[in-house]
Amino acid sequence: MEFGVPRYKRKVCEQTLASEEEVEFLKKAIDGEFKHNLFMDDLPVRWCYQTQSEFLYCSAGLPVGCYINGDGERQGFCLSPKFSEPDTYYIYNHFVFTVHYEPVVKLTTNRTSNAPATAGKIIQVTVTPRSEKRGDLLEPVKIPAKRFGKRDVTISFTFDVVWKESDIRWSERWGLILLDKNTNILFFSVMNTGIIALFVCAMVLLVLLRTHPRFHKLHLRLKACNDRFTLRQSWRIDEDAWKALDRDVFRPPENAVMLAALCGNAAQIFCTILAVLVGGSVGILVPANPGLLVKWTMWGYGVSGLAAGFVSRHIFQNIGKRSKGDGKCCAVLSVYYRSWLISGLLFSIFLGLNLIHWEEGSSSALDVWSLSRVFLLMVCLPVPCTLVGGWLSFALTTLVNQRGEHLKNADESPPPPIPKQPRYMWAGVLVLIEGILPFSAIFIPAFFCLSSVWFVQYFHASGCLMVVLFATIVIAVCISCYACFLQLCNQNYKWWWKPMLAGVGLSVYYFLYTIYFFVQKLEMTGWASTALFFGYNFIVATVLFLLTGPMCFMGTYLFVERIYYYLSLTSSQEENVVVDTENTANQDEDDSKELLREGSDLSSLSKDGWDTLQDSTQLTGQRL
């Protein structure tokens, strides 16, 4: 194409399908609704058409053709009324391109510029596909589903070009593509996520208020009133049973090294996702440059090893320093677990998927040099960054666990037996219960993201995704805190690994949804496409678990530490009240004895004074 020069019936090529295999290959492409993907000036060429509801729908890609089955039903992209013959395939071979551009003359400040009128910048490109037989514009190109004989099929591909001026500025051209017609749906989804987050936060806040010393008396009154009107006590649990576990709840967890490593990896993933969303929100990462998104993500993941090392070392310093073995050696082992085991696992899965690309001859397969760069940035670079972050955590002042010595005084005696737990506290049940609310927060954004990847639809809403990310983490953390509180009320002090179940539930629900999406929305054929779809979504589900599971643990750890800190304050206040009462009683008794010994006038004593005096005389054997 030449800029500004219109074209009409410009011939590209003439294709002859001589063998039956070539014809069947074309039919298979039409049945699979394959599309041609074209670009001009880094902009996708879009096909826009009117739907049955008179709505203008635009999508990237040009359809290969369409099919009318034996019952006359249209399958695929049969929009022309000329497509009416049953059991026939129609081929789109003529394309009308409409190029919208902004003239350079409008952009120059000097109106006397001699810039030609045909110079400008591309704003958007749309196309209208047609099926026209050579020499007869009214007759479409068609192939019967059941061919009789071996006649060759000749298809002539042509195109038209129409140039139109546009009032839209070049800097705003991506807004036409990224302007999603489903913005209202996404907006209401964010509102729904916010409401759920407020609800679960209110539940956790209510538990914290129950344990706070300032509201402790009010809680006792409400509890007494609630006990009075409760019909069946067997339905309730003892909400104060968790107080008896103050010497057992902070026993060192099993495999504290791996737990600290998972927490560090969650911090690294969170920083990486946050960097990507911030880059997309400020306009650094745009769909026009997808390569920058990949580089940004890999470098962000590698540098975020600083946060991973800091968090891993800090978590192990708080929960694992009472474990057996040298604390420093265990902390270094936690750093290497995080760097090699987790990152290496994800890279191994990605390497296996890349081998499938190689086997199928895909253009998206990475060569050895590209794989080595990915390995260096995603696996090797985080190792020194993690060690530096661990050293910073060791050197700096501890940020958590500064509010008392009760966390350090865990009982070292043999652990007490744990009573039989109710069915709703089983691990499988908790996975199903704790995962449903976080998944409801990401359900609609996950659909848009999957459609963007597998339907070649552009979805660019970094701001909304950032809100959904924070809200999902808050919901998962609050659900884990409340489930942990119920577990403590059931006298189960082994809570360290239970918050991970929320992340497991979220990843399980997401992977089940991808199965539904694959069955209902996609029409993939072949083992390679199926393996790639589920392989990449398995990586996404794993990342969801590695992000939300440790986040839930860290939030639950702060929650448990806080309620037992409030318990220690309440116990101290009650002990002080008892001591003050005993001191007052002893002082009154001493005063009464002194009055009796001196023979003073006792008529001025109050009733309480008389009672105290009588008690003291009974103890001493004297008579009034």
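One-based numbering along the chain as shown.
Yeah, the Cβs are placed from backbone N, Cα and C, and that goes for glycine too.
All annotation found in TrEMBL is predicted automatically rather than curated by experts.
Taken from TrEMBL, the feature compositional bias 'Polar residues' covers 613-624.
If you look up TrEMBL, you'll see 582-624 marked as region 'Disordered'.
Among the features that TrEMBL reports, transmembrane segment is placed at 185-209 (among others).
Under 8 Å from some Cβ of the transmembrane segment (257-286) lie the Cβ atoms of residues 174, 292-293, 296-297, 300-301, 304-305, 307-313, 315-316, 319-320, 330-331, 333-335, 337-338, 341-343, 382, 386, 389, 460, 462-463, 465-466, 469, 473, 496-497, 500, 543, 546-551, 553-554, all in the same chain and six or more residues away from its ends. The annotation transmembrane segment is assigned in TrEMBL to 257-286 (among others).
Taken from TrEMBL, the feature transmembrane segment covers 298-316 (among others).
Per TrEMBL, the feature transmembrane segment maps to 337-356 (among others). Remote same-chain partners of the transmembrane segment (337-356), defined as residues 6 or more beyond its termini with a Cβ less than 8 Å from a stretch Cβ, comprise 257-258, 261-262, 264-265, 268, 305, 308-309, 312, 365-366, 371, 374-375, 378-379, 382-383, 386, 528, 531-532, 535-536, 538-539, 542-543, 546.
If you look at the transmembrane segment (376-400), the same-chain residues 6 or more away from its ends with a CB under 8 A from one of its CBs are 264, 268, 298-299, 301-314, 317-318, 331-332, 335-336, 338-340, 343-344, 346-347, 558, 561. Per TrEMBL, the feature transmembrane segment maps to 376-400 (among others).
Tertiary proximity for the transmembrane segment (429-455) is limited to same-chain residues at least six positions away from its ends with a CB under 8 Å from its CB atoms, namely 180, 182, 185-186, 189, 192-193, 196-197, 200, 423, 461, 464-465, 468, 471-472, 475-476, 479-480, 483, 498, 501-502, 504-510, 513-514, 517, 521-522, 533, 548. According to TrEMBL, the feature transmembrane segment maps to 429-455 (among others).
Beyond the ends of the transmembrane segment (467-488), by six or more residues, the same chain brings 189-190, 193-194, 196-197, 200-201, 203-204, 207, 237, 241-242, 245, 249, 270, 273-274, 277, 421, 424-425, 430, 433-434, 437-438, 441-442, 445, 495, 498-499, 501-503, 506, 547-548, 551-553, 555-556, 559-560, 563 to within a C-beta distance below 8 angstroms of the stretch. Sequence annotations record features per position, and here TrEMBL assigns transmembrane segment to 467-488 (among others).
The annotation transmembrane segment is assigned in TrEMBL to 500-519 (among others).
Under the heading transmembrane segment, TrEMBL lists 531-560 (among others). Tertiary proximity for the transmembrane segment (531-560) is limited to same-chain residues at least six positions away from its ends with a CB under 8 Å from its CB atoms, namely 204, 208, 249, 259, 262-263, 265-267, 269-270, 273, 315, 318-319, 342, 345-346, 349-350, 352-353, 356-357, 400, 438, 454, 472-473, 476-481, 484-485, 488, 495-504, 506-508, 510-511, 514, 518, 522, 524.
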